[in-house]
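One structure is given below, encoded as structure tokens.
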Amino acid sequence: MRALTLLALLALAALCITGQAGAKPSGADSSKGAAFVSKQEGSEVVKRPRRYLYQWLGAPVPYPDPLEPKREVCELNPDCDELADHIGFQEAYRRFYGPV
């Protein structure tokens, strides 16, 4: 009984495999690649807000560092710059110019 069931399943599997091998895609599928989409369709799916993007890179624009002007002031003073290398910018700026 098991052999007969196994033989029937193998015959059914063989029919399914040979039937799919000879089948051709339908007219709707053959005109369009199912795995590929056009650039326009792809960009409609993945839309990003453009307000924070570099125009040439497509990466988000970094927010300006509020401490950058103070860091430049400390870099112009050789003593502050040297101390910043040892203890960090914020502490060196605080020691030379007051609170950050």
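In case you wondered, yes, glycine gets a Cβ from its N, Cα and C as well.
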Q) Pick from CYS16, CYS80: which cysteine does Swiss-Prot list as forming a disulfide with CYS74? A) CYS80
**Q.** Where ASP81 (Ca(2+) 3 binding site) falls in three-state DSSP terms
**A.** helix
Q: Take the C-alpha atoms of CYS80 (disulfide bond) and GLU72 (Ca(2+) 2 binding site) and report the distance between them in angstrom, rounded.
A: 10
Q: Could you check the disulfide-bonded residues CYS74, CYS80 and say which one's CB has the most other CB atoms within 10 Å?
A: CYS74
Q: Within 10 Å of each Cβ, count the other Cβ atoms, then let me know which of the binding-site residues GLU72, ASP81 comes out lowest.
A: GLU72
Q: Measuring Cα to Cα, tell me the gap between GLU72 (Ca(2+) 2 binding site) and ASP81 (Ca(2+) 3 binding site) in whole angstrom.
A: 9
